[in-house]
Amino acid sequence: MASKASSMVYFFVLIGLTLLFSNNVYATDYDNYINVYELTNGKISIKVTNYGATLLSVTVPDRNGKLDDVVLGYPTIEGYKNDSTYFGGLIGRVANRIGGAKFTLNGVEYNLPANDHGNTLHGGTRGFSDVIWEVTSYEKNSHVSLHYHSYDGEQGFPGAVDVYVTYMIIGGNRLGLKMEATPLDKATPINLASHSYWNLAGHGSGDIFSHDIQLFASKITPVDDKLIPTGQIVPVQGTPYDFLQSRSIGSKFNELPSGYDINYVVDYVPNGHVHKVAVVQEPKSGRKMELWSNKPGVQFYTSNMLNDTLGKDGATYRRYGGLALETQGFPDSVNHPNFPSQIVNPGENYLHVMVYRFTAHH
């Protein structure tokens with residue numbers, strides 16, 4: 001596994017360097033407009049909008065070659081502007097929750113917007129998924145790169161930060177995301193995440209209970225009744241959270257009436273390389289999705305809050321209609337010194353890599 005991870009990250013770095021020196025398509029005309037950008041290589045196609053750097057769709061074949069969009073989303077961009085589900089959004093400056101909507105850094109207390117039961121969720125009332133990004137480079141068969149400048153004090157966070165995201169098609173069947181951020185003048189917490197909801201049978205095909213999932217994570221960070229971590233890190237063995245061996249999402253759902261919404265501590269060697277986080281398989285279509293990342297946590301969420309949401313192609317998304325796997329730093333890390341730090345200093349670079357590999361099996 002280590003050799004696979006190493007080769008994968010080196011390939012990713014190579015792709016990144018290639019993009020760095022070949023950004024020859026600058027979409028300056030689109031800086032103040034919202035557009036949709038399609039990437040396709042004939043086997044996989046995705047769509048991204050510069051509103052929220054949002055992933056709108058991912059279309060991949062099933063075992064018979066039938067193409068389906070496997071990402072939940074809205075029928076128009078307007079839906080994303082009034083969104084409370086964060087469909088496909090690029091989440092920041094700090095994804096997940098910050099308890100009490102405040103934290104202290106270098107002796108200064110920072111107060112943030114409280115948009116979730118007295119806590120801050122997904123960057124505040126206007127996080128990175130609610131702003132228009134600048135498209136800096138776009139090649140249809142390769143990648144789309146976006147940039148956002150977050151100003152000092154935005155949503156209460158200290159310091160200005162330049163944020164860069166690249167969606168890229170790698171080889172025949174991989175989707176890569178590279179998220180980078182550079183603080184310009186002050187230390188600040190940074191925890192970017194991609195908030196896509198997946199249904200490998202097709203985005204409007206019902207609940208995800210029959211999906212099999214394996215999570216390479218033997219511990220979780222338990223939470224209180226407001227979904228704020230207690231600070232503990234506990235084993236999953238013998239609990240409904242145990243997906244160390246692949247099993248269906250619905251197999252122990254009766255033990256968790258509210259569904260899954262928890263941060264898993266990924267088992268990996270902390271060397272900065274990408275590591276396998278999860279494998280999801282859908283039996284009817286034969287589709288399989290592997291997820292690799294370089295981050296220490298992954299939020300597994302079974303769309304517990306969906307409620308007859310109008311989606312693409314006339315679909316109605318009901319509760320448990322999709323699953324989210326958000327690789328990330330641990331929630332509320334700014335208030336838990338025992339969690340891996342999310343503080344990034346000026347001169348340092350935040351890097352978050354995700355690679356999805358799609359296959360289909362008979």
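Using the three backbone atoms N, Cα and C, a Cβ is placed for every residue, glycine included.
Features reported for this protein in TrEMBL:
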| type | residues | note |
| --- | --- | --- |
| ACT_SITE | His195 | active site, proton donor |
| ACT_SITE | Glu326 | active site, proton acceptor |
| BINDING | Asn96, Arg97, His195, Ser196, Tyr197, Asp261 | beta-D-galactose binding site |
| SIGNAL | 1-27 | signal peptide |
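Within its own chain, Asp261 (beta-D-galactose binding site) has Leu227, Gln299, Phe300, Tyr301, Thr302, Asn304 as residues 6 or more apart in sequence whose C-beta sits under 8 angstroms from its own.
Listed in sequence order, Leu121, His122, Asn191, Ala193, Asn263, Gln299, Glu326, Gln328, Pro331, Asp332 are the same-chain residues six or more apart from Asn96 (beta-D-galactose binding site) with CB atoms under 8 A from its CB. Taking Cβ-Cβ distances under 8 Å and a sequence separation of 6 or more, the neighbours of Tyr197 (beta-D-galactose binding site) in its chain are Val71, Leu72, Thr85, Phe87, Gly88, Ser303, Gly321, Gly322, Leu323, Ala324. Neighbour list (the residue listed as 'active site, proton donor', Cβ cut-off 8 Å, at least 6 residues apart, same chain): Tyr86, Phe87, Gly88, Gly89, Leu90, Ile91, Ala95, His122, Ser129, Ala324, Glu326. Within the same chain, residues at least six positions away from Ser196 (beta-D-galactose binding site) with a Cβ under 8 Å of its Cβ are Leu55, Val58, Val71, Leu72, Phe87, Gly88, Ala324.
Residues Asn96, Arg97, His195, Ser196, Tyr197, Asp261, recorded as binding beta-D-galactose, reach a greatest CA to CA spacing of 18 Å. Less than 8 angstroms from the CB of Arg97 (beta-D-galactose binding site) sit Asp116, Asn119, Thr120, Leu121, Leu227, Ile228, Pro331, Asp332, each of them six or more residues away in the same chain. Cβ neighbour count for Glu326 (active site, proton acceptor) (all protein chains, 10 Å cutoff from its Cβ): 23.
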